[in-house]
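J.: Below are the structure tokens for one structure; questions will follow.
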Amino acid sequence: MPTSAEAAETAPRLAPAAPISLSIRASTLAGMLVAIATMLSTIVFSEPAIADGLMVMVIGVLPVLHVLKFGNAAFVNYSAWIALFALGFAGTMLSTTFQTAFVHQLVTLFLATGAFVIAGYVAKDPEPRAKLVLVCYVAACLIATAAAFAGYFRLIPSTYDLFTNYDRARGTFKDPNVYGAAVAPAIVSVVWVMLRGRPAHALMAAAVALPLVIGLLISFSRGAWVSTIFSVFILIGIVLFRSRRSSDFNRFGKVTIIGIVGLMSALAVATQIDQVRDLLGQRANLDQSYDEGPNGRFGGQQKARALIVEHPFGIGTHTFRDTYHHEEPHNVYLTQFLNAGWLGGLIYIMTVAVTLYLGFRTALQRTRLQGPAVIAFASFAGLAFEGFVIDSDHWRHFFLMAGLIWGLADATPPASDPRRRADDIEA
């Protein structure tokens with residue numbers, strides 16, 4: 001019979017408990033930061049915005065996590081933005097208020113840097129990361145639209161003044177025009193899913209599209225209305241051009257009918273409200289008092305063009321509104337020439353044109369990245385077009401779409417699923 005000591009030696013020994021691991025994968029942490037920063041990117045009551053603090057973390061942390069991959073598209077365009085910042089900074093020496101002009105240029109560089117990092121993040125693992133950015137952006141626009149509804153329709157007491165401006169919904173933005181333009185990429189995203197997604201996803205996208213379209217409507221931003229339609233037409237054109245099956249055209253017809261019926265229904269309901277009906281009629285009129293005359297929008301643009309011809313080095317940021325006119329030119333291309341001179345204006349046009357080219361080229365490629373590429377290109381094209389009637393140089397969604405295009409252009413497309421047709425691609 002073994003002794004107690006011998007029994008203790010022969011008894012099975014329990015392995016020590018494994019320490020509880022609280023580690024998190026670098027890619028997961030990066031995804032969380034990008035997702036949160038994107039979802040808060042539509043909260044822009046002032047500059048710096050809430051999301052800017054998170055974007056600082058994205059810019060600072062993602063390179064350390066080694067989750068980025070940069071290619072020629074990102075490097076070329078970011079280099080152009082650095083050159084534009086340098087010229088704009090030099091132009092601040094001519095500005096009437098150096099401090100505000102310098103801050104303006106710093107914000108521009110910051111937003112371009114954020115787009116550069118987003119491009120590197122997407123290029124490293126393009127399919128899931130591009131979809132993450134787009135889904136989170138749609139969610140962000142739904143948040144902004146919920147705020148717009150709460151204020152405009154007085155669903156929550158004392159929020160009308162907070163979420164509206166001049167009887168127009170602005171949501172979580174400081175300007176209704178910016179809110180309307182920000183919603184456009186989200187609408188483009190859900191329209192793509194309605195046209196190319198699985199039936200269940202298409203129905204869900206249609207449900208999401210309704211509040212976004214109503215939000216766009218009550219922003220009463222004519223520029224946003226036109227640019228959104230322009231973007232959707234680009235998307236539809238690419239879908240029809242790349243489609244081969246009759247079922248694709250049948251779905252397009254059904255979605256078109258549903259969209260028209262839904263839009264007409266929304267208009268019918270909205271126009272039952274006197275405030276909406278009156279302002280809608282006013283905004284639909286092309287002859288607006290603030291557009292006409294030497295002190296109107298177009299008069300200001302005429303002054304800006306004359307100043308550009310006379311000042312090849314520009315006149316400095318904010319000098320136009322401080323000295324020559326009561327507001328900026330409402331044309332981002334003219335603004336860049338005024339801020340950074342002829343060379344700076346040409347550089348801005350170049351980077352916009354290159355981004356459009358890269359987006360168009362990527363959108364036509366039959367890969368699993370076609371969905372995000374078409375959405376980003378169509379959205380960016382609409383925003384670039386709207387830049388002719390508004391100053392969009394600090395729009396977060398403009399830089400987000402640019403970063404997506406650069407990243408998708410630099411990415412190596414994932415292998416296609418052999419079980420799916422090349423033209424059967426869902427976002």
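Including glycine, each Cβ sits where the backbone N, Cα and C put it.
Residues or ranges marked as transmembrane segment in TrEMBL: 22-43, 49-68, 75-96, 102-122, 134-156, 176-195, 202-218, 224-243, 255-273, 340-360, 372-389. Feature annotation from TrEMBL assigns domain 'O-antigen ligase-related' to 208-349.
Any idea what these are sitting next to in the structure?
T.: Within the chain, the transmembrane segment (22-43) has long-range Cβ neighbours (under 8 A, six or more residues past its boundaries) at 49-51, 54-55, 57-58, 61-62, 65-67, 118, 121, 125, 129, 132-133, 136-137, 139-141, 143-144, 171-173, 182, 396-397, 400.
Tertiary neighbourhood of the transmembrane segment (102-122): same-chain residues 30, 34, 47-48, 52, 55, 58-59, 62-63, 67-70, 73-74, 77-78, 81-82, 84-85, 88-89, 92, 129-130, 133, 317-318, 339, 393-394, 396, 399-400, 402-404, 406-408, 410-411, selected by CB-CB distance under 8 Å and a gap of 6+ residues from either end.
Listed by sequence, the residues of this chain that lie at least six past the ends of the transmembrane segment (176-195) yet keep a Cβ under 8 A from its Cβ atoms are 42, 44, 134, 137-138, 140-142, 144-145, 148, 164-166, 168-170, 201-202, 204-206, 208-209, 212-213, 215-216, 219-221, 223-225, 227-228, 231-232, 235-236, 239, 251-252, 255, 259, 371, 374-376, 378-379, 382-383, 386, 390, 392, 395-397, 400-401, 426-427.
If one looks beyond the transmembrane segment (202-218) by at least 6 residues along the same chain, the residues whose Cβ comes under 8 Å of a Cβ in the stretch are 138, 141-142, 144-146, 148-149, 152, 168-169, 171, 179-180, 183-184, 186-187, 190-191, 193-195, 224-225, 228, 251, 255, 258-259, 262-263, 266-267, 270, 276, 280.
For the domain 'O-antigen ligase-related' (208-349), DSSP puts the residue distribution at 107 helix, 0 strand, 35 coil.
Long-range neighbours of the transmembrane segment (340-360) within the same chain, counting only residues 6 or more positions beyond its ends whose Cβ lies under 8 Å from a Cβ of the stretch, are 73, 76-77, 80-81, 83-84, 87-88, 90-91, 308, 311-314, 332-334, 373, 376-377, 380-381, 384, 387, 402, 405-406, 408-409.
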J.: Please report, as numbers and ranges, the same-chain residues at least 6 past the borders of the transmembrane segment (372-389) whose CB is under 8 Å from any CB of it.
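T.: Cβ under 8 Å, 6 or more out: 126-127, 130-131, 134, 181, 184-185, 188-189, 192, 223-224, 226-228, 230-232, 234-235, 238-239, 297, 330-333, 352, 355-356, 359-360, 362-363, 365, 395, 397-398, 401-402, 404-405, 408, 427.
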J.: May I ask for the residues of the chain that lie six or more residues beyond the transmembrane segment (75-96) and have a Cβ under 8 Å from a Cβ within it?
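T.: Long-range Cβ neighbours of the transmembrane segment (75-96): 102, 104-105, 108-109, 112-113, 115-116, 119, 313-319, 322-323, 336, 339-341, 343-344, 347-348, 350-351, 354-355, 402, 406.
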